[in-house]
Amino acid sequence: MTTRLYQIAELKGHTDRVWSVAWSPTGNVLASCGSDKTVRLWVSNSDTEWICTNVLEGTHKRTIRNVAWNPDGRQLATASFDSLIGVWEQEEEGGDYESVATLEGHENEAKSVSWAKSGTLLATCGRDKSVWIWEVGTDNDFECLSVLQEHTQDVKMVMWHPIKEILASASYDDTIKIWKEDEDDWYCSDTLEGHESTIWSIDFDKTGEYLVSGSDDKTLKFWRCYRPDNREGIITDRNEPKWKCICTMSGYHQRCIYSVSWSKVHGRIASCGGDNTVRIFEQEESTVSGSTIDTTNFSMIASVTSAHGVVDVNCVQWYPTEKHSNWLATAGDDGIVRIWQLTEE
Amino acid sequence: MSVILKDLNDYIAPSQACIKPVEVKKTSTDNNNVIKIDNSGEYYEVSQEGVETKLQPASITLEDCLACSGCITSAESVLITMQSQEELYNILRNNKQAIIDGKSEKIIVVSIAPQSRASFATKFGLSPLKVAKRLTYFFKSLGVHYVFDTSFSQDFSLLESAREFVERYRKFQEFQENHGTSSESKLTKNNRIKRENTSSEDATQHKRSSDICLPILASSCPGWICYAEKTHGFVLPYISKTKSPQQIMGSIVKDYLASKLGVKPNNIYHVGVMMCYDKKLEASRLDFFSEEYQTRDVDCVLTTGEIVKMFEEQNFNINESSEMPLDSFVKTSQEGQLLRSSGSASGGFLEFILEYSARELFGITGIDVEKEHGVVVKIGRNKDFKEISLEADGKPLLKFASAYGFRNIQNLVRKIKSGNSPYHYIEVMACPSGCINGGGQLKPNESLSIKDWINEVNNTYRSIDSLSPEKNETVLNLYSEWLGGKDSPKCKTMLRTQYHAVETLTNPLAVKW
């Protein structure tokens, strides 16, 4: 039995490169954003027929680098090179989206935005090396809770833990940092070192116990969270959990990895990058029994070369629910958003 | 130097790379020359005839740094090289040589901040008074002539800030009455129109002249001022025009003391000992530079940590040091005990202004903000945001707040921009925990957490008795003797200043993905 990726739809409309795609929490809407300073929302009538229902524009004066849905599905946040974070809300079902807040604070290019599971916290990051945590108040009043400045370089991506209020950030300083809140402020509880170059993308598995990272060093790394007094005997400090790399996948991507996505439904991992290729990995059954160190392995089960022709694939995202859990959306420098289906034959 | 930079906990971090376009003097107009680099990294321009001319490295001055919006930061490395103990040593050496040569020496004055004094006292286990007397001994044994205390000039700063607040509050009320809005609704609403236009800074509200802008925002934190000037021009009219304690001491030294001693301002070298690196930036502002005498009100600022380095360089042990009596511009009681002003270790601005204006505006006396008597105190989302209001019959008369640290400054700036600030006065400080936790302060021994350390230094600061600035006789006398009364034009030039928005610099080369 082989596993293959088929393209099922091409979504055309952006007039310049597409940087990011994001499925709404139910999967009913796909948002995409890019250098044309717009966000486009896409809905499918059938598997192959997609229409652009909304174009969100006017707020950002430069490239929109990233877009993220509030878990309530009503709001979207955007991170732009114009340094602003935009928050958009749909007035009524089927209606227009309007800009309800713009968050100023980043000194220059904002790179990524992420909503916590509860929808009450928003994290942002950017070229100014900072990570910001905002509290979502009533009436779209956002309050800055913390400005975290421990990364020594450009912060490429922020991603919340799927369950807890724990944030991960990935940086040009080759590290991933884990952030938590204590009684008065947020602090860095762990720094994940191991990648040899910029980390462009991170994603948690559905439990939040594992993390995957994709880097300019062409590798994917899998990390596992070990609690104090773990039975594997991993040493932890200050009573904080410790993240350790349990697997490095090299020799697959030939160039920089720009994006990773860990399906919360079936646990497969998708990655893409500068080699124009989309790859799918799957966790193998545990191979060593009785070992004190987790030796979980991953293997590649499918790939598509030239997924966006001869250009970079900037972003990959698994469909979020059971309904089409084998669907993937990708964004490319060709200005096109593509939908793929993973099939077993 | 990287060690010093690493330890800074001011919120302002040096930017990734300086992008200030630097003007370099061209040595020739011939475009066919080539540039050569030798083994030691020196650059030479080689003309077609083969003549080599050494090129000057481009350098960024402190003034360049202040005038540039390329990064929010004060490039600390620039500051540290331009205002250092080496510069003070040079002045001291020149003085010794001048005496040998029979020439006139410079008068050297050192002004110490009470927050720095508290940091020394906690670190070395001494009382603030002993620290003051021993620092006086230390500096005078090096050749310094006077050692002052900026608690003294802080009293001017407090009095002037309080007067400014009352003036502005009354004008604000008058404006509201003439325009038919009650002050309450103006402060809290005023907002629907603004919201749709939040990024437009020239909306009418911001065009209002600064003498009716409320809230007033404190001006003594140079990190905050620098940040506001570089990124939030619209907020400048709200900032108090009163000079900081450091800069008022500058006026006292370079104007009053100079005329008393019968010397020109440029014959005095004035050193500040401060809790914060950004005080160096403040001292370098052109507003505090005399064109006529080509001199700054404060010539050089050294941080608490840099003074400890001087101790080491001079083999000075403060724990076994002799003591010397205190000089005149030190806030002391008649018995010679050190005094402070009531309130927070960031200077007590909020506390004094609230007590003063309660009396002046509403005839309410007997409140004590430090002891939380007669006011309602509310701690915000975090410990660095506090709301303090004066109420009558359950209704707020005056609403003050203190906002420390970058995260609270962010929220404050957004509230003011959208017209959502309910406050009349806000004590803004860039550092979390305020000035007592300045980037130039001493660090705790390893066994102690930063939090406990700050508490200890804070307690040391508060361990001395307080005296209201209105009861500081020396200050009151100087108001009449030096300034010619509290409403004189000289008060304006000596005690108040202004701010300048820095234009945004757009450099397409600075863009990165």
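Using N, Cα and C of the backbone, Cβ positions are placed for all residues, glycine too.
Note that this is a predicted model, so its numbers are computed, not measured.
Positions annotated as repeat 'WD' by TrEMBL: A:11-42 (among others). A Cβ distance under 8 Å defines the sequence-distant neighbours of the repeat 'WD' (A:11-42), meaning residues of its chain 6+ beyond its ends; these are 50-57, 60-69, 71-73, 76, 78, 80, 88, 97, 311, 314-315, 317-321, 323-324, 329-339.
Nonlocal intrachain contacts for the repeat 'WD' (A:57-89), taken as residues 6+ away from its ends with a CB within less than 8 angstroms of a stretch CB, comprise 19-26, 31-35, 37-39, 97-119, 122, 124-126, 134, 140, 142, 157. Annotation comment: TrEMBL describes A:57-89 (among others) as repeat 'WD'.
This prediction places the mean pLDDT of the repeat 'WD' (A:103-136) at 95. The feature repeat 'WD' is assigned by TrEMBL to A:103-136 (among others).
Residues or ranges marked as repeat 'WD' by TrEMBL: A:148-180 (among others). Across the repeat 'WD' (A:148-180), the DSSP tally of helix, strand and coil residues reads 0 helix, 17 strand, 16 coil.
Under the heading repeat 'WD', TrEMBL lists A:192-223 (among others). Long-range contacts of the repeat 'WD' (A:192-223) within the same chain, counting only residues at least 6 positions beyond its ends with a Cβ under 8 Å from a Cβ of the stretch, are 154, 156-157, 159, 161-164, 166, 168, 170-172, 174-178, 243-250, 252-262, 264-265, 267, 269, 271, 273, 281, 296, 298.
Under 8 Å from some Cβ of the repeat 'WD' (A:313-345) lie the Cβ atoms of residues 1-12, 14-27, 30, 32, 34, 36, 40, 42, 44, 47, 50, 258-266, 268, 270-273, 276-278, 280, 302, 304, 307, all in the same chain and six or more residues away from its ends. As annotated by TrEMBL, repeat 'WD' applies to A:313-345 (among others).
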Sequence-remote partners of the repeat 'WD' (A:103-136) [C-beta within less than 8 Å, at least six residues beyond its ends]: 62, 65-72, 77-81, 83-87, 142-149, 151-165, 167, 169, 171, 177, 179, 186
Same-chain residues at least 6 beyond the ends of the repeat 'WD' (A:148-180) whose Cβ lies under 8 Å from its Cβ atoms: 66, 111-118, 121, 123-127, 129-133, 186-193, 195-208, 211, 213, 215, 223, 243, 264
Structural state census, the repeat 'WD' (A:192-223) (DSSP three-state): 0 helix, 17 strand, 15 coil
